[in-house]
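Below is one structure, written out as structure tokens; comments come after it.
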């Protein structure tokens with residue numbers, strides 16, 4: 001189905017409207033490349049929301065306490081911490097520039113008052129600690145209040161330093177740097193359910209790391225052929241199972257997914273399960289292999305299903321059924337007739353991500369023209385919504401959009417020929433427990449929530 005039906009995307013069977021909550025970022029027409037958002041991620045509680053951009057910065061938003069005095073106040077997200085995660089580098093051995101762009105952010109489950117996250121660019125992964133400080137020590141023996149050393153001859157009494165209140169300060173400090181393990185560009189990182197290890201994947205290899213050890217990683221997948229001329233596919237995404245710490249999956253540019261069990265062997269070159277949908281020979285074309293390349297793979301929270309995103313669709317797979325997906329949701333089927341021009345302008349290589357809602361009953365992914373799509377798995381209804389400042393009045397309901405692929409266009413429909421392919425939503429995130437979503441549109445972060453009447 002091209003376009004959307006229905007008035008909103010339900011997350012359990014009851015329809016509700018999505019409405020505008022907030023938008024972050026400048027309104028400028030000319031957007032600096034460094035300001036373009038490249039990843040979005042809620043933490044496990046949903047109280048923190050992190051974004052990374054092409055300039056190597058990480059911005060963390062914190063949800064404010066709900067204001068009981070204001071009707072329908074749901075708690076807004078405001079800037080909590082901003083820090084430079086990665087800087088541009090140069091590999092002198094290979095004469096290559098290494099971009100500072102943040103490819104992925106992954107939160108670690110919170111163990112104490114501090115928060116920890118992993119961020120990665122093409123080559124280097126960093127573990128960051130985000131902590132608060134609202135007290136400072138005063139009354140040192142050897143230093144004065146400004147930090148200057150005191151004259152030892154003037155120190156006549158022993159002082160015990162005391163803690164005094166100060167304005168709240170949020171500090172982001174790098175605790176570990178994991179480098180020099182990837183020859184190719186890192187496309188995925190995933191924290192294991194044991195909370196001690198994580199994996200990182202590039203085009204040809206997947207490495208397993210311990211969070212405490214930076215100088216050693218274990219290569220668990222290596223698909224690099226002895227002769228690079230024989231290379232037929234690359235790894236596009238990888239993720240650990242949410243509950244079984246020995247199981248992970250990785251997807252390929254050929255549209256296949258391999259599930260591996262680390263208990264079987266140290267090097268998981270032989271998969272435990274192989275997921276692939278048979279190709280329909282009648283629909284084979286020059287673009288078939290390009291559009292079948294998987295750009296994202298995500299396990300459901302339950303661990304029973306996984307979702308993959310290719311160029312035109314989202315597929316849901318049952319881990320017990322390798323032969324075909326149990327669900328196929330068409331994201332923008334109306335673009336199938338435009339593949340030639342999308343190939344010429346390189347849009348056909350765009351990597352769209354996808355995400356589940358907290359109960360695994362709905363899924364979300366992005367499209368062009370700042371549209372994003374939602375699919376309800378229970379009712380089989382879907383909706384197309386738009387992230388736009390034109391709808392940015394507080395509590396304004398999002399109006400479902402429809403795309404017309406030809407013939408007579410109705411009043412509220414948009415022609416496929418008038419879609420703006422420079423405006424694309426590649427990165428989205430869904431709050432783990434509530435109906436709150438975050439959508440990255442170029443340099444702006446939109447936050448939407450369900451409308452409570």
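Note that Cβ sites are derived from N, Cα and C of the backbone, with glycine treated the same way.
Here's what Swiss-Prot has on this protein:
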{"type": "MOD_RES", "residues": "285", "note": "phosphoserine"}
{"type": "MOD_RES", "residues": "305", "note": "phosphotyrosine"}
{"type": "REGION", "residues": "385-406", "note": "region 'Disordered'"}
{"type": "REPEAT", "residues": "32-71", "note": "repeat 'WD 1'"}
{"type": "REPEAT", "residues": "97-138", "note": "repeat 'WD 2'"}
{"type": "REPEAT", "residues": "181-219", "note": "repeat 'WD 3'"}
{"type": "REPEAT", "residues": "230-270", "note": "repeat 'WD 4'"}
{"type": "REPEAT", "residues": "289-327", "note": "repeat 'WD 5'"}
{"type": "REPEAT", "residues": "344-385", "note": "repeat 'WD 6'"}
{"type": "REPEAT", "residues": "420-452", "note": "repeat 'WD 7'"}
| Using DSSP, how many residues in the repeat 'WD 6' (344-385) fall into helix, strand and coil? | 4 helix, 19 strand, 19 coil
| query | Between residue 285 (phosphoserine) and residue 305 (phosphotyrosine), how far is it from one CA atom to the other, in Å? | reply | 30
| said: Are there any residues at least 6 positions away along the chain from residue 305 (phosphotyrosine) with a Cβ closer than 8 Å to its Cβ? List them or say none. | reply: 299, 316, 317, 318, 319, 326, 360
| said: Cβ under 8 Å, sequence separation of at least 6 from the ends of the repeat 'WD 3' (181-219): give me the contacting residues as numbers and ranges. | reply: 103-104, 106-109, 111, 118, 120-123, 125, 127, 231, 234-245, 248, 250, 262, 266-268
| request: Any chance you could find the range in 32-71, 230-270, 289-327 with the most Cβ pairs under 8 Å to the repeat 'WD 7' (420-452)? | output: 32-71
| message | I'd like the per-state residue tally for the repeat 'WD 1' (32-71) from DSSP, helix first, then strand, then coil. | response | 3 helix, 19 strand, 18 coil
| Whole-number mean of pLDDT values that fall within the repeat 'WD 5' (289-327) | 97
